[in-house]
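Sharing the record's features from Swiss-Prot:
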- Lys21, Asp163, Asn194: substrate binding site (BINDING)
- Thr63, Glu85, Gly87, Val88, Ser93, Asp111, Ala140, Asp165: S-adenosyl-L-methionine binding site (BINDING)
- Asp163, Asp189, Asn190: divalent metal cation binding site (BINDING)
Amino acid sequence: MATNGEEQQSQAGRHQEVGHKSLLQSDALYQYILETSVYPREPECMKELREVTAKHPWNIMTTSADEGQFLNMLLKLVNAKNTMEIGVYTGYSLLATALAIPEDGKILAMDINRENYELGLPVIQKAGVAHKIDFKEGPALPVLDQMIEDGKYHGSFDFIFVDADKDNYINYHKRLIELVKVGGLIGYDNTLWNGSVVAPPDAPMRKYVRYYRDFVLELNKALAADPRIEICMLPVGDGITLCRRIQ
């Protein structure tokens, strides 16, 4: 018969193995949050998209339901209207954003894979918010560089959400800080990166976790030292760092 310690270790192992979208060490506590306050208030269209995404082989890439709820409320609190999203996947966080912003709000959405986006697009269209989305397929950096060169986009975005290639987060930040307005927010997802940011370098990790770990650590250090922003790192989902531009 397993001891309590063995059971806890086994639960922790399963927690990591399934790529859990929460840093809570108790699966029961996370399920309580989802079943008590997230799923009962989740819009039907977001539930449908979440269930569609769950069948995709890369479903670990999606935004968690609790983080989607958080983003939706945050956007309403800051009255965001002109937004950007880098890294779309099937569009769960994109739909959360589209539902939160006003009818004439806009989202510039960028991802290297249109096929994944089109998996969720019928749900987005059925929700009546597809007209708010300008989707661009391809790398985001050239688009950002062109926007900065044009000049008219400086300080024009109320909110920007980044959930893409972690090895480019620093490069995104260098550009996005010019495009978000003073008082606007940038949200960087996965900044606690499966909890690996506090793990010893030789700790057992999945290959992709180990590969991106140093890039996430570099980003966190850079954001903490950037005088142009105020920051708040939250243990929601896989960690999200909010950056408010102050100068």
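Cβ from N, Cα, C; glycine included.
As the structure is a computational prediction, the values presented were derived from the model and not from experiment.
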Let me know the DSSP-derived helix, strand or coil state of Asp111 (S-adenosyl-L-methionine binding site), please.
strand
Filter the binding-site residues Asp189, Asn190, Asn194 down to the ones within 10 angstroms of Val88 (S-adenosyl-L-methionine binding site), Cα to Cα, kept in sequence order.
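So the list is empty; none.
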I'd like to confirm something. Which of the binding-site residues, Asp163, Asn190, Asn194, has a Cα closest to the Cα of Glu85 (S-adenosyl-L-methionine binding site)?
Asp163
What three-state class does DSSP give Asn194 (substrate binding site)?
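SS state of Asn194 (substrate binding site) = helix.
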Would you count the other CB atoms within 10 A of the CB of Val88 (S-adenosyl-L-methionine binding site), including those on all shown protein chains?
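Taking every protein chain into account, the count is 26.
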Compute the centroid of the Cβ atoms of Asp163, Asp189, Asn190, then list the same-chain residues not in that set whose Cβ lies within 8 Å of it, in sequence order, for the divalent metal cation site.
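Along the chain, the qualifying residues are Thr63, Gly87, Val162, Ala164, Tyr188, Thr191, Gly237, Asp238, Ile240.
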Determine, using Cα-Cα distances only, which of these binding-site residues is closest to Asp163 (substrate binding site): Asp111, Ala140, Asp189.
Asp189
Excluding near sequence neighbours, so keeping only residues 6 or more apart in the same chain, what lies with its CB under 8 A of Gly87 (S-adenosyl-L-methionine binding site)?
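Gly87 (S-adenosyl-L-methionine binding site) has long-range Cβ partners Met110, Asp111, Val162, Asp163, Ala164, Asp165, Asp189.
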Between the Cα atoms of Ser93 (S-adenosyl-L-methionine binding site) and Asn190 (divalent metal cation binding site), what distance do you get, rounded to the nearest Å?
14
